[in-house]
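Chemist: Okay, so TrEMBL annotates it like this:
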type     : residues : note
TRANSMEM : 25-47    : transmembrane segment
DOMAIN   : 41-287   : domain 'G-protein coupled receptors family 1 profile'
TRANSMEM : 59-78    : transmembrane segment
TRANSMEM : 98-118   : transmembrane segment
TRANSMEM : 139-158  : transmembrane segment
TRANSMEM : 205-225  : transmembrane segment
TRANSMEM : 237-258  : transmembrane segment
TRANSMEM : 270-289  : transmembrane segment
Amino acid sequence: MAQGNFSRVTEFILLGLTDTRQLQVLFFTLFLLAYAMVLLGNLLIIVTVRTDPKLSSPMYFLLCNLSFIDICCTSITAPRMLVDLLSQRKAIVFEGCIAQLFFLHFAGSSEMFLLTVMAYDRYTAICKPLHYTAIMSRWACWVLVSSCWAGGFLHSIIQTLLTIQLPFCGPNMIDNYFCDVPPVIRLACTDIYVTEWLMASNSGLISLGCFLVLVTSYMLILGTIRGRLTEGHWKALSTCASHVMVVTLFFVPCIFTYLRPFSAFSFDKYVCVIYTIFSPVMNPLIYTMRNNEVKESMQRL
């Protein structure tokens, strides 16, 4: 444990959402229900898309991948949070904390890129329908999804390397229910001014950039179909509306969290609940309740 002139932190203590026992039981019940909905809802979407030949378009291929990423994102934080809500001591070893940080950013940034690709898919289908099949071929879809995962890995490895090179030798209390970059690097025993701006530029600009691309694509879609709304266009608008709901719920908290110096606010950990728990819960609800094809396929299944 001793290294040089200081003792390196070997574990962190997660303070969680609250230390009130009654609230812990309430949160455990709510989050257990939410996690079950994430697993069941997204697994149902994956099975439905994979088993129904009618759902073979690129949109459903991308939706299937989104459901898989949602399961991964929530499973990185939710099980640990549920256990800690019923535990007296909420400790996580240093290596486990770094691993959680890595996989959370890996899956989270991959989801950002995938949502951007889904917006591009809707833009191509509505604004360039004659070229849609050629542009969004099966090969192109695989390349785009693989690029999302590769981009997520590159982003996450940068965040992780910037974190592990910091010295942790004193405080080990993380005011959150999982290990994330902002609360972890604030515990470093050194000046983190340059590091936090590098990390904010990385995570924050990715969040903001993807969000602006998404907003631009939806504006182009609205401009294309304005004044000539057929039944097919109304269906496309309905699909885009569901995308906007998901995008807003996911991106706005991420931009707030990462696109600023990592100064602490007391409500930061409650903002994190939105994009780690509630956004994955909303995805299967939005994509099934607003999509007749998926609902009919589920009924047949």
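Each position is counted from 1, following the chain as shown.
Each Cβ is built from the backbone N, Cα and C atoms, and glycine gets one as well.
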Chemist: Please identify the stretch among 25-47, 59-78, 98-118 with the greatest number of Cβ pairs below 8 Å relative to the transmembrane segment (139-158).
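Modeler: Comparing 25-47, 59-78, 98-118: 98-118 has the most Cβ pairs near the transmembrane segment (139-158).
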Chemist: Which residues of the chain, 6 or more past the ends of the transmembrane segment (98-118), have a CB below 8 A from one of its CBs?
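Modeler: For the transmembrane segment (98-118), the nonlocal Cβ contacts are 59, 62-63, 65-66, 69-70, 72-73, 76-77, 80, 92, 144-145, 147-149, 151-153, 155-157, 159-160, 163-164, 178-181, 184, 203, 206-207, 210, 213-214, 243, 246-247, 250-251, 254, 275-276.
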Chemist: Which listed range (25-47, 205-225, 270-289) shows the maximal number of Cβ pairs under 8 Å with respect to the transmembrane segment (59-78)?
Modeler: 25-47
Chemist: Averaging the per-residue pLDDT over the domain 'G-protein coupled receptors family 1 profile' (41-287), what integer do you get?
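Modeler: Overall, the domain 'G-protein coupled receptors family 1 profile' (41-287) comes to a mean pLDDT of 85.
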